[in-house]
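Heads up, the thing below is written out as structure tokens.
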Amino acid sequence: MVYGKMCKYFLVVITVVLTQSTICTGDTDQRNERSKPGGLFGSNWGFTPSKRFLSLFTVVTWGQGQCTAPSGEYGNCVPNNECLPRGGIPGGPCAAGYGMCCVFMQSCGGIARENGTYFVNPNHPDAYEGTGSCQLTIMKTHPDICQIRLDLDNFAISQPEPINHICNADQFLVSGGSPAPSICGTSHGEHMYIDAGLGQSNPITVTVITSGPAFPRTWRIRVSQIPCGSISKADQGCLQWYTGVYGRVKSFNFDTKTGRQLSNQDYSICMRTERNFCGIQYTACPDPSNNRSRSFTISGNSNSIVNSMVGSGTQGTPNSCTNDWLLIGCARVTDRIPVPNTCEDRICGGTFNAEVSTLERTVQSSVRPFRLSFHTDLIEAPNDIDNRGFCLDYTQQPCTNG
Ligand SMILES: [Ca+2]
């Protein structure tokens, strides 16, 4: 089949050389990587320049092209004859029919050796009711990989127990890289950045432990490998990394109806400071499912009205945050005129506000980098009941002259 298309290959090669265009789509960052000296032969790609014909073709047209399979999964556009030997699942043609959109998928006991490998539950795409420990080992595709991004496209394992919200039945664990909180419950669409560390010899492992009652568990986690010089790299110390002037951030397992704020959390969420933006505002997300919003319920019994609480205080200080909190550097409400002299760092309670109140407010911070840090201890009951965690919409504020 390959030989039958030789003429077409040559035509494509010639065309591409002439137009300097790429057939596969890749994001800007990948294109930047490609334009670097030596960036074309990353082990991501597994090509050796010694393959006389295909090497030219590959170098010119494919790079590290990402493609979408009809299943909706992302794949890597590789030469037709390379997908199966590399352990991939052929997902339809790419590169105008000259390549194969190759989806890499692993489950329990698997090893991720390709960028963009999915880690899925046994029985995927159906649910998995069983118990045990399901582990993926992530090998760097290149020594110059600095971070691993885990995209929890689909993530539903059992909820934490209802008293102290500890993940003691099911757990998602990351080890071998920078510390990541252990999570459970439902977190579709969330992500984590993990520091890959130096050296090739210390793989990162991702483990889903399932125990307890049968539960329809599903997960599909995309594992992306981020080169050290990539513009996609997250800032140091950021478990979550958002770009763009506005967006939405949530704690893991947040859901206004059924979510339970997870205990034992300690991580930072970072928003890249966009050019010419000097501040950031946060507002609690709309809550379509409750009369009184549960979009920000971090401490107290959220079955009743709980005011916002602020500051670090000491144990027993009323309306302070000594156990669970969201930290926003020097937070102030936005609509107070004149602007108050004081500001707060920790916010908790059951209302989003930088002052003690039962009314929600938009909260502003000019501390850069823009960053939220979330901390919860290991106790909820009896004082803290039915808290959901937080969901905030953020908007960066332009710098003003003077
Ligand atoms: Ca707590």
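The backbone N, Cα and C atoms fix where each Cβ goes, glycine too.
Positions annotated as signal peptide by TrEMBL: 1-26. Annotated domain 'CUB' per TrEMBL: 108-226, in sequence order. Per TrEMBL, disulfide bond is recorded for CYS167-CYS184.
Helix, strand and coil residue tallies for the domain 'CUB' (108-226), in that order: 0 helix, 56 strand, 63 coil [DSSP]. Long-range Cβ contacts of CYS184 (disulfide bond) within its own chain (separation 6+, distance under 8 Å): ILE157, SER158, GLN159, PRO160, CYS167, ALA169, ASP170, GLN171, PHE172, ASN253, LEU262. Model confidence over the domain 'CUB' (108-226) stands at 95, taken as the mean pLDDT rounded to a whole number. Cβ neighbour count for CYS167 (disulfide bond) (all protein chains, 10 Å cutoff from its Cβ): 25.
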